[in-house]
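Chemist: Annotations for this protein, taken from Swiss-Prot, read as follows:
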type	residues	note
BINDING	HIS61, HIS125	Mg(2+) binding site
Amino acid sequence: MERLLIVNADDFGLSKGQNYGIIEACRNGIVTSTTALVNGQAIDHAVQLSRDEPSLAIGMHFVLTMGKPLTAMPGLTRDGVLGKWIWQLAEEGALPLEEITQELASQYLRFIELFGRKPTHLDSHHHVHMFPQIFPIVAKFAAEEGIALRIDRQPLSNDGDLPANLRSSQGFSSAFYGEEISETLFLQVLDDSSHRGERSLEVMCHPAFVDNTIRQSAYCFPRLTELDVLTSASLKYAIAERGYLLGSYHDV
């Protein structure tokens, strides 16, 4: 049985090292898709690199936890910037949902201005779109715009609440992450998906070359290990041997 595998590299536009790593993993590896942070410090560099890599599908990485928002968000920013305090606000039931709705629309329009086309799909930095309060907003927006959405079904209480015309992969995994990155881990993710009977799977990854920005991240040197694994010829062979076809959200 042939299955669709989407290997999506998050954080396009975060830094030049991140951008170069994603392009390398696409050009010489198995990365087929990426998602861009339109408020990232290296987003213009990402746009420039993407012009020479037309095979790379590009979605939007909705940002509510880093940098400056595109709209006024007094309910979510501190000193004009976004941060991880969004988790505390969510726990307190204090998320400014109208501000988030407006920021989503603004980031989407900015993506189109930058790349000259709609994103292939939506996901988010630090998975904030899967917050129970935020997910309905993002799901409705994606369905209305006719674009796919990354869905981690584990936190969802009921798939039946999804808009009927919303597109996504049947499976999603964030397990290819951490200090124990290897080909074995990647293939285990595929085997687990196969055992669940999923016909399509997105695997999240973060390949990068280390630069000063990446050094400041809590997740730094494993990004280099990811790059090594994702550009392995033996991994590409093993994926094909398992009956997976590399693709993107265009194919969902």
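Even glycines carry a Cβ here, placed using N, Cα and C.
Since we're looking at a predicted model, the values are computed, not measured.
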Chemist: Near HIS61 (Mg(2+) binding site), which residues of its own chain have a C-beta under 8 A away, given they sit six or more steps off in sequence?
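Modeler: Counting only residues 6 or more apart in sequence, the Cβ neighbours of HIS61 (Mg(2+) binding site) under 8 Å are ASP10, ASP11, PHE12, GLY13, THR35, ALA36, LEU37, ASP123, SER124, HIS125.
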Chemist: DSSP three-state call for HIS61 (Mg(2+) binding site): helix, strand or coil?
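Modeler: It is in a strand.
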Chemist: Please report the number of other Cβ atoms within 10 Å of the Cβ of HIS125 (Mg(2+) binding site).
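Modeler: HIS125 (Mg(2+) binding site): 21 neighbouring Cβ atoms within 10 Å.
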